[in-house]
Amino acid sequence: MAQETLKSDIKSLLRKRNAVLLAHNYMRDEVQEIADITGDSLALSMEAAKTDADVIVFCGVHFMAESASILAPEKTVLLPRLDAGCPMADMVTVEGLKELKARYPGVPVVTYVNSSAAVKAESDICCTSANALKVVQSMSENEIIFAPDKNLGSYVARFTDKKFHLWEGYCPTHERLRPEVVVELKDQHPGAPFVCHPECNPAVVALADHVCSTTGMYDYCRKSSAKRFIIGTEAGILWRLKRENPDKEFILASPALICPNMKLTSLEDVHEALVNMRPVVKVPEETRVPAKRALDRMLAIPRD
Ligand code: 13P
Ligand code: SF4
């Protein structure tokens with residue numbers, strides 16, 4: 001089917017099903033283009049929690065669809081590609097987290113939303129890259145367990161006196177960006193701010209002019225008077241950056257910044273999901289209720 005026909009068929013199916021299409025900022029360009037809402041993990045969770053639609057088509061990865069199911073259990077949550085996972089989320093298991101909790105009794109667990117529903121259910125509070133520092137600051141304890149992203153955890157730890165016990169997880173996509181590549185690009189483009197995601201390695205983060213979530217990057221690049229930026233996050237972010245800032249230039253710090261999981265979902269997959277009303281992601285109640293507690297506690301913290 002031609003792309004334009006596919007897009008208009010998806011639009012009418014969305015209306016017919018009373019469905020909303022949410023797409024993460026790393027999705028393929030054409031998927032972002034037809035989305036009702038694009039955003040970072042935090043914005044999309046907030047949207048899932050408040051939408052009036054009967055169906056949420058989640059164009060992202062598995063943990064995001066799970067979060068939507070946790071927050072909106074009465075809705076049908078479709079994940080067009082069930083095989084779109086997150087290797088970082090898979091790096092932490094419930095058993096492992098329980099062992100860590102047993103090693104540090106009474107120490108609260110702050111879990112990055114890039115984690116399974118079962119791991120969230122074992123956690124005290126969730127965070128995203130957009131609110132991690134605020135979440136940590138909201139805790140009265142002076143010690144925390146932070147899982148699964150050691151890079152985000154060590155970035156946040158710089159701004160607080162709290163003691164961190166870090167889970168050794170990381171994002172393989174962001175980890176591929178090496179500091180020497182950034183140094184070379186900064187030399188080639190003097191004056192171009194290097195903006196990076198806190199999932200990058202600390203040696204890369206140390207070179208950044210600004211560190212933020214994907215939505216934070218849109219805000220920063222729009223407001224900045226610079227005309228050229230070096231971007232340290234997944235390539236999907238470029239579509240909206242270029243569209244919102246036609247007079248500015250964006251240089252992806254490395255061609256390796258592509259998350260294969262975020263690139264799986266095609267327009268055909270979205271169409272098929274809406275026709276067949278599957279694959280459905282549904283979190284069982286015994287996991288959903290404690291996981292929701294951790295997500296709700298995070299969502300109670302206002303976004304800037
Ligand atoms: P945001 O936290 O900016 O959504 O992106 C991080 C990410 O890797 C999502 O998988
Ligand atoms: Fe997971 Fe990294 Fe891909 Fe995000 S970019 S889904 S953290 S592997």
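Glycine is treated like the rest: Cβ placed from N, Cα and C.
Site annotation (TrEMBL): [4Fe-4S] cluster is bound by C171, C259, and the candidate from C86, C126 recorded at this site is C86. Of the residues proposed, T51, T214, the one TrEMBL records at the same iminosuccinate site as H24, S41, Y112, V113, N114, S129, H197, P198, E199 is T214. In this structure, C259 ([4Fe-4S] cluster binding site) belongs to neither helix nor strand by DSSP; it is coil. Among the binding-site residues H24, Y112, H197, no residue has its Cβ under 6 Å from any atom of ligand 2.
In sequence order, M88, S129, D149, N151, L152, Y170, C171, T173, H174, E175, T233 are the residues near E199 (iminosuccinate binding site), counting only same-chain partners six or more apart with C-beta under 8 A. Cα of H24 (iminosuccinate binding site) to Cα of C259 ([4Fe-4S] cluster binding site): a distance of 12 Å.
Using a 10 Å radius centred on the Cβ of C259 ([4Fe-4S] cluster binding site) and all shown protein chains, the other Cβ atoms total 22.
Residues within less than 8 Å, Cβ to Cβ, of H197 (iminosuccinate binding site) and separated from it by at least 6 positions along the same chain comprise S129, H174, V211, C212, S213, T214, M217, G232, T233, E234. It is 14 Å from the Cα atom of N114 (iminosuccinate binding site) to that of C259 ([4Fe-4S] cluster binding site).
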